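What TrEMBL lists as transmembrane segment is 38-57, 121-142, 154-172, 178-196, 208-225, 231-248, 276-298. Per TrEMBL, domain 'Peptidase S54 rhomboid' is recorded for 112-249.
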Amino acid sequence: MSGEVEDVENRGVKDRERPSYSSSSYVIEDSETQWTSWLVPMVVVANVGVFLVVMFVNNCPKHNPRIEGKCEARFLGRFSFQPLKENPLFGPSSSTLEKMGALDWDKVEHKHQGWRLFTCIWLHAGVIHLVANMLSLVFIGIRIEQQFGFVRVGIIYLLSGFGGSILSSLFIRKNISVGASGALFGLLGAMLSELITNWTIYTNKVSTLLTLLVIIAINLSIGILPHVDNFAHIGGFLTGFLIGFVLMPRPRFGWLEQPNLPARVNVKSKYKAYQYMLWLLSLVLLIVGFTVALVMLFHGENGNDHCHWCHYLSCVPSSRWHCEEN
């Protein structure tokens with residue numbers, strides 16, 4: 001009986017050995033719903049709106065009268081940018097970002113402002129930062145939302161951003177941190193775990209895996225430059241990677257096609273055994289990881305005291321820059 005079921009599954013996969021998108025090697029089940037993406041565009045609009053509010057509050061000419069003549073794009077009035085020497089990304093001052101909810105370990109730990117772990121992922125340091133992140137979100141997030149729906153992509157985005165903020169707070173104590181990069185890396189991590197847990201429905205498996213790994217490696221390697229919070233990237237990626245195993249396994253083909261199969265063919269399990277194992281392991285690691293990290297954070301633990309080499313993950317010193325104030 002199991003042999004017949006396996007033949008049905010293999011034939012189903014073989015029949016679908018063509019990608020549904022010309023630019024992708026991903027195969028979508030014919031019997032699954034193709035979702036309409038609306039959450040990701042709304043998140044983009046929300047991020048742009050928040051940035052405009054931050055620039056309105058920043059008001060470079062008014063709050064910095066001594067440098068009024070040096071505010072960039074002065075024709076924008078109160079929306080003009082800080083001098084490039086202060087913020088080369090065309091954005092507000094660090095004090096404005098801090099006031100609007102940037103991640104600051106001191107305020108999270110000593111002033112009990114844990115809400116900053118969430119608000120910081122909606123803030124951006126400048127136009128360049130915002131555009132880069134939103135373009136990445138559109139290219140990655142819309143595709144995931146179309147395949148898995150707004151609930152799952154929303155959970156991955158928010159929890160990955162939260163996970164990135166926690167890891168950042170544990171290791172970065174001197175500077176503030178803003179940006180949706182942790183949430184975006186969570187989406188990349190979820191794509192990787194989705195590929196692994198749904199391995200049998202991919203064509204060109206190895207090339208797809210290698211391409212995704214190269215993209216992830218390049219983006220993480222950028223994080224070793226100064227003024228880039230790579231701990232948020234790593235924390236977001238690990239969170240999204242584990243959540244992908246929990247939220248993104250696809251049912252086996254025989255289960256989806258069971259109403260159309262002969263009566264003698266019975267598919268008892270919706271998922272394969274290894275999918276159940278990955279689901280359970282990832283759920284346990286998520287719960288334990290978040291619990292331990294939050295306990296360490298609110299007890300004032302410094303991650304650098306427990307890992308003396310981890311600071312190299314966020315900045316590698318060279319003859320051209322220093323990492324003390326990264």
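Here the Cβ of each residue, glycine as well, is placed from N, Cα and C on the backbone.
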(Q) Give me the DSSP three-state residue breakdown of the domain 'Peptidase S54 rhomboid' (112-249), ordered helix, strand, coil. (A) 107 helix, 2 strand, 29 coil
Q | Annotated stretches the transmembrane segment (121-142) and the transmembrane segment (178-196) touching (3 or more Cβ pairs under 8 Å) | A | yes
**Q.** Selection from 154-172, 178-196, 208-225, 231-248, the stretch that has most Cβ pairs under 8 A to the transmembrane segment (276-298)
**A.** 231-248
